[in-house]
Amino acid sequence: MGTVVDAAKQDVNGSLAEKKPTVVFVLGGPGSGKGTQCANIVEHFGYTHLSAGDLLRAEINSGSENGTMIQNMIKEGKIVPSEVTIRLLQKAMQESGNDKFLIDGFPRNEENRAAFEEVTKIEPAFVLFFDCAKEEMERRLLSRNQGREDDNIETIRKRFKVFLESSLPVVEYYDSKGKVRKIDAARPIGEVFESVKAIFAPKNEKVKGYGHVLRLNECCSCT
């Protein structure tokens, strides 16, 4: 027999899925520029940008019981369960009042992906994948002056490794379903956004500067 909490979760899942929101997963290696492009998409196309990492940090800073649990798991080097992150994403989607979402940096692995679809009953419209050579991402991260502790060469290379081993299989899974929109992210911000606009703009609207979107098996500079 389910608990009241289980029933409430099912209600949230059902009401969210019934709204048939448009969900776009935004993936790319560290320094690929996806955050900048998400801001542009929000401004021009009215999406709500949800960062899984930001939601987890906000929950920790809230001082809630859930936030304390998340903080303790991170301190102990444990992976935060997919369902915890997914519940935070669901809550943010429900509270936004919007029906179009960019989910940035999630799913990070195949387990995240499967759990999201199982819990929310939502499949992404597509995956926006920012492909960029490791050398260029490394240069960007080392040159930016944001005071981030994780922007040192050793940590950056570990992040690259995690992305290749954990997140790239998610991209490959959706690519097999024809749901990947791959962007050459090594170009200047404006040029990258021209390609992004061509994906999000109405199909009958021509956007100048849109080039060929490579398939994963054609060329992936991450591998």
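Cβ atoms are placed via backbone N, Cα and C, with glycine included.
No curator has checked TrEMBL annotations; they are predicted automatically.
Counting only same-chain residues at least 6 apart in sequence, those with a Cβ under 8 Å from the Cβ of G31 (ATP binding site) are C132, E136, M137, E138, R139, R140, L141, I156. Residues annotated as ATP binding site in TrEMBL: G31, S32, G33, K34, G35, T36, R144, R187.
Taken from TrEMBL, the feature ribonucleoside 5'-phosphate binding site applies to R57, K78, I79, V80, G105, F106, P107, R108, R148, R159. Around the Cβ of R57 (ribonucleoside 5'-phosphate binding site), the number of neighbouring Cβ atoms within 10 Å comes to 15.
The Cβ of N112 (CMP binding site) lies under 8 Å from the Cβ of S82, T85, F106, V170, each on the same chain and at least six residues away in sequence. The CMP binding site feature in TrEMBL is assigned to N112.
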Neighbour-count leader, CB within 10 A, binding-site residues: S32, T36: S32
Integer Å distance between the CA atoms belonging to T36 (ATP binding site) and P107 (ribonucleoside 5'-phosphate binding site): 19
Maximum Cα-Cα separation (Å), residues G31, S32, G33, K34, G35, T36, R144, R187 listed as binding ATP: 17
